[in-house]
Structures are given as structure tokens and as C-alpha cells.
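**Student:** Have a look at this one before I ask anything.
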Amino acid sequence: MTDRPVIAIGLGALVFAALAFVPYMVDGYGMSLAIAIANYTILATAWALFSGPTRYISLATVAFFGVGAYTVAVLGEVLPWPVVMLVAAINGCLLALLVGLSTLRLAGIYFVIFTFGLTELIRQVVTWYEVKVTSTVGRYVFLDIDQQAIYWQLLGVAALLFLSGYLIGRSRLGFALRVIGGDEMVARHVGIDTTRAKLLLFVLSALFMTLTGAIMAPRWTYIDPAIAFNPQVSFQTVIMALLGGVQRLWGPLLGVIPLTLLFDWLNAHFPNHYLLILGIVFMLIVYLLPQGVAGALARLRGLRSRKERASAAMKEARQ
Amino acid sequence: MLTNAILSGLTMGGTYALVAMGLTLQYGVSRIMNLAYGEFVIAACFAALVLFASAGISPLVALLVVAPAGFLLSWAIYRLLLMPLVRRAPSRGALEVDSILATFGMLFIVQGIMLALFGGDYSSYSYYNTPVDLFGTTIAANRLIVLAVALAVALAAWAFLMHTRSGTAMRAVAVDPVAAGLVAIDVRRVAAAAFALGGAIAATGGVLISMFLTFNANIGVVFTMKALIVVIMGGVGNVVGALVAGLILGLAESFVATFVDPGLTIAVTYAIFLAVLIVRPQGLFGARAR
């Protein structure tokens, strides 16, 4: 069994290598779908990386995403691309550290509301700053980065995210987080520095969200605070991760793919009833699939294997 | 300018306090964090608008219809949609997460319905929009009516909770649902009643808001957030705390808008909120540590 990690990582690498050829096989529309899926895969997986084990529901996804996008909008034409990405990453980590240090003591509801309030606060302050100080509402992002380059960058970040998620899951930190998710009091009593563990993961998860925002920025060419800090992005990330299931690393992916396709279709066919249907989907997930698709699959498998064992035992008993 | 700021701050604060009282009942007693709360406030705004514009019914009369409707609707929502969550939740924390997610979905549904019915434009109507001279400044008459009604309803709710048997039962459930059950209080019925009462108060707040503010289908979230800020500042389940915190928030907003920059009011609101959350998550008047 010692070879398992090697096999898993090798398989993952193969899948990502295959996905890198997608741009040569699809048209413009397929490309934009692929980018949307890659985008939400990173956001939802990064969200679940922190919220899955700790059960802290964060609505600040778009705060980090927007910080990344705005870093590109402000510095994109001044500095070389890798440096811009580095600055974005630093900004995101600093913000996450600040938020994490001040809020991770807050339990449940307070954390949810805080993260939501934080996003709105940042959006309001950026809007005010842009209107009052720089006298613009939006900014143009003219960078020579095409769709394929965006896709490959997202794919690279996603590969990095899955690799770190996999390694964390097998590390002491991952185990500590699972204990915290089970019962924080117990975790503290067995000597886990819960605040440190949560903070580390929160910053890591925020880092990936910030990078995604930075990579996605050139796609819009025009951004303003309402676009960059659109709370809808946070909501959709939560729905997708929950539909997929947050207890496994690949769980959110099972939510991202169907919902990205669904939202795209809804936007095209029912733009006026988009919110209504979004709400219904959300409710259905909460009521019918509280553990997500991954959880339901696991339960199904558990049920089947129990049945098989039972029938095997019956056979034995008869002989 | 100062009196004007104080008066408009008190009007806003009065409505915030009233709206927050409903949420503090829903969250404090029924343990349902209703993120769709602001949507119900705005739905009541539209109901008042429709009644006023199509039938010429004064919003004060409309209150007599809209508030009971809010009560019944919230009661039905609690019974049909939220009870299953209460039943399946293994712990209070799990119920909180589930109720946040479920009411989140509700938020989009109600907002989607309002968008489909009324579109995204801002609406308002003119009701007693006559200037009145008061303390050397002029203020619209409708704002004074709003302030008076908001305070009257808030006081009535306070008296109900403090001085009646049912109100005492609600406070008991807020303090400890298990112990409340032990002294023969039907916790589920009381929780449903508190949720419904919260809905009625939300509807009342909505009708009042529609009298002096412009509103559209998208701004429910703003009221949810402000109500939450007030609830947390006042201490969860603390009705008097909500009243005081609501007035403080209204005054703070009005002063920032008058003396600093109108563009910063919402930012200041959130800044106050985040500060309270970090420094005193149990609320300004709360003693309970969480």
C-alpha cells in the first residue's frame, strides 16, 4: 500500500496533462465553458479545503477573488505578469491573515455574517475610493493574455490546489482539522493548536481564490467593484461545493460541473428567472442532498457492500 | 443641520430597531437564522405600494392586512419548510448551518419572484410628503408618522414579551429550550409563534419603510444585514437591546451622511458591525459568552 500516494499523484498528473489539450479540441464557446468550470473548480475546492473539515461557512470567497482581480487592474500594465501575480498573492494572504486572526474565534453564525459583511465593506470602500480619489468607477484591463493562456494558468493553479489538498489530507494538519470539525473542544484538549491550524488553512484557501481572481481579470477587459466583488460568486461557490460534497477533495468537482452547465443554460434561456431557479436549486440541495453528491455516493456504496455482505453471510449460513 | 441629522437618524433608527426586533425574535427564540428576512421586509413594501397605487388604501390601513399576512406566511414557512430541518438537526450548530442555507435559498426565491413581478427599478409612492416645521428644521410628515408607529409597535412587542404569559414563554425558550420544555412549555409551538411574530414585525417594518424610502427588489439584503447588525449589537434575543442598538445605528448613519460623506454610510455600518463582532460578540448589553 506504500505506493498509493505515488499512484494517486501520477493519475492526477495524467488527468491534468490530458486536460491541457482541451483548447485544441473545442471552439470559442467550449473554451469559455472550460474556463468557467476551471474557475469554479478552484474556488469551490479551495472553499471546501477550509470549510469542509472546519464547518465554517465563509461568504468571503469573492472578497479574495476581487482583491486578486483589482491587483491586476491596478498593476497589470505597470509590472511584469509574474510580479503582478506575486503581489496579488501577497495581498490575498495578508487580508486572509487579518480576517483569520480577528474572526476564527467566532463560532458558527457570527463567522458567516462577518465574512459577508467584510465583502460588502471592501466593495463599498473600493467604490468610494474610486469615485472620490481616482474619479473613476471602473478600470480597463488591457493585457495581452488570451483565453487559452487563462485556461492553462487556471489549470496550473487547480493542479497545485489538488496536490496541496491531497498532501494536507494525509498530513498531521489534515488530521488536526478533521478533529476540529468533529469537536473543537476535544481538539483543544488533545493538544491541537486549533487557531493556528484553522488560520493556516484559511490563508491557503484564500491564496488560491486570490490567484484565480487575478488570472480571471484579463477576461473582462473592464472591471468595477460591482463586477469584481459580486456576492453572487461567493453564493455560487458555496452551492457548488455543497452539492458536490465537502468531505472529499474531489467532492466539489461533482457540484461544479453540473451547476456551471446549468447556470450557463439558465442565463441563456431564462435570464429573468435566473435568481428564482438558483434559489430552488439551493433549497433542493439543502433538503435532499445534505451530504452532497459525494456523500450520497458513499452512502449508496456503503449500503450496497453491506447488502452484499449480508447476502454472503446468508449463503454461508445456509450451507 | 444638527437637529435635522438627529431627527432623520431617529426615524431611520426607529425603523431599524423595529425590523431588528422581528429578527431577534426569529433567531433568539426559534433559533432560525433567517437570511431571507430582508426579502420579506421588501415584499411588504411592494404589498403596500400595490394597495396604495391600485386601491388607494393608506399604508396605515394596509398595515392591518399586511402584518397578519406576514404572520400567517411566516408561520406556514416555519411549519412546512423549517420544521423538517429542526427535526433532523442533531445539534444547535447543525440547525444554524442548515437554516442559513435553507433561508439563503428562500432569499433567492423571494427576490426572484419580486424581480419577475416588479422588475429591478426603484419604486416609491408619495404619502403625506408635506413638510412640517419642528425644532427649527423641516421634516417630511411621513417620517414623523413612521417614527411614531415604529416606536408604538416596538413598545407593544416589548410589553407583550415582558408582561404576558405567552411572551414570558417565548423568553423562556430563548434562554433554554430544554428547560422550557421541562416546565410544560410547548417549545415547538412557541418557536413557530415567535417566528410568525417576527414575520409580522418584518411586514410592519416593510410597510413603514415604503412610506418614506425608495426601494427595489434587490435591496432586501441591505435590511437583513442592518437588522443583523442591530441584533448582534443589542445581544441575540434581547428586545430592549435591539431597540437601543437600532437607534444608535440610525443616528450613526445619519451623522456620517450629514457630516462626513453620504457615500460612506454603508461602509461605516459594516465597520461598526465588524468592530462589535470582534470586540463584543455577545452584544453591547449581553453578558452571555459564546
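Quick reminder: no glycine exception, Cβ is built from N, Cα and C everywhere.
Annotation source TrEMBL lists transmembrane segment at A:7-26, A:32-50, A:57-75, A:81-101, A:108-129, A:149-168, A:199-220, A:274-298.
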**Student:** With pairs closer than 6 in sequence left out, are the transmembrane segment (A:149-168) and the transmembrane segment (A:7-26) joined by 3 or more CB pairs under 8 Å?
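**Tutor:** Yes; at least 3 Cβ pairs under 8 Å.
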**Student:** Taking A:32-50, A:57-75, A:149-168, A:199-220, A:274-298 as candidates, which has the most Cβ pairs under 8 Å with the transmembrane segment (A:108-129)?
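**Tutor:** So the stretch in question is A:57-75.
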**Student:** Please work out whether the transmembrane segment (A:199-220) lies in contact with the transmembrane segment (A:274-298), by counting C-beta pairs under 8 angstroms that are 6 or more apart in sequence and asking whether there are at least 3.
**Tutor:** no
**Student:** Under 8 angstroms, Cβ to Cβ: which one of A:32-50, A:81-101, A:274-298 has the largest number of such pairs with the transmembrane segment (A:149-168)?
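**Tutor:** That would be A:32-50.
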